[in-house]
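Chemist: Got a structure for you, written out below as structure tokens; questions coming shortly.
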Amino acid sequence: MEGIKFNQIGVSFKGSGSYVPDQILTNETISQKVDTSDEWIKSRTGISERRISGLGDNVNDMAYEAALSAIEMTNWDIKTIDLIVLATSTPHDLFGSAPSIQAKLGAHNAVAFDLTAACSGFLFALITASQFLKGGSFKRAIVIGADQLSSFVDWNDRRSCILFGDGAGALAIEATNEFDNFLGFDMRTDGERGSFLNLPSKNNKDLIIDNIDFLNGGFSPIQMNGQEVYKFAVREVPIILDNLFRKTNYTSDEVDWLILHQANQRILDSVGDRLKIPREKILSNLAKYGNTSAATIPLVMDEAIRNNRIKQNDIIATSGFGAGLSWGAALIKWG
């Protein structure tokens, strides 16, 4: 599916927010649990530490804090927000977490729903919300990416337990008739490679009455083929971004910032090199937070905005990629 340019209504980016739990899990602490080391983890992933949810944390609370922070950057009356899209693979309520966030915010006029696309989730949610705004259905939207993957990690598997952290990020976007800062997008899925990274269901069979079986649902820990995911990312992400540049009549030289899903520093560097984007234009906070799935892109963006790195009218190329396998790209102008 490819993006279509709408001339009548455009999208403006008005605010950003993020939240991470207080609890820090360092590489040194992990090395006390599994056979690894700080040097080994950093050399292969770029991660030094990650934030992990405690007993008092959940996805709803993290998403709420990120959304509230984004709203506070705007001058909006919360009652004027009419759309909330939450990207998450780890909802606090399996039937949907977005309505709880809507209620806690007091955004009673907003339609609220979850969207699941794993590490591509925030980008897919941003594209979805932007198309709703461009179509005239809604005027103000909060797009959130939040995940708590620490709850689904096998902490005895050193290949995966070193990667993931918890957190949330959000953007506030608004429909406008004056300009369009959502410059273009592209989205892809390849379900045939889905087994490279998944979190499959796990059913426990119980006999309840005579010969009637009851399946008590649950999930297995995250399963990942790291080598295949790496090869997928460094091949497909540069291709989709290069295609997007051609569609939007931009070049990589015109990009002020490249924000990729924070999966692995080697992936970030490789994609930048293939696109000939200098390392100083590649934003990363992977070392501090690890892979927070749907939260990574808005976490990086909010940090850069609040540190005055991203400025008004900066051109940002962004790409999310991961389980599904799914991947996508968007080109935006901040402001």
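Even glycines carry a Cβ here, placed using N, Cα and C.
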Chemist: Please find, within the list 12-16, 187-191, 262-266, the residue stretch that Swiss-Prot describes as region 'ACP-binding'.
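Modeler: My reading of Swiss-Prot: the region 'ACP-binding' range is 262-266.
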Chemist: How far is it from CYS119 (active site) to HIS261 (active site), counting Cα to Cα, in Å?
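Modeler: About 7 Å separate the Cα atoms of these two residues.
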Chemist: Using DSSP reduced to three states, classify CYS119 (active site) as helix, strand or coil.
Modeler: helix
Chemist: What is the number of residues in the region 'ACP-binding' (262-266) that are helix, strand and coil, as DSSP sees it?
Modeler: 2 helix, 0 strand, 3 coil
Chemist: Once near-sequence residues are set aside, which residues in the chain of HIS261 (active site), 6 or more away, have Cβ atoms under 8 Å from its Cβ?
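Modeler: Same-chain residues close to HIS261 (active site) (Cβ under 8 Å, separated by 6 or more) are CYS119, SER120, LEU123, ASN291, THR296, ILE297, SER319, GLY320, PHE321, GLY322.
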Chemist: Please state whether DSSP places ASN291 (active site) in a helix, a strand or coil.
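Modeler: Assignment for ASN291 (active site) reads strand.
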Chemist: Determine the minimum-neighbour residue: among CYS119, ASN291, listed as active-site residues, which Cβ has the fewest other Cβ atoms within 10 angstroms?
Modeler: ASN291
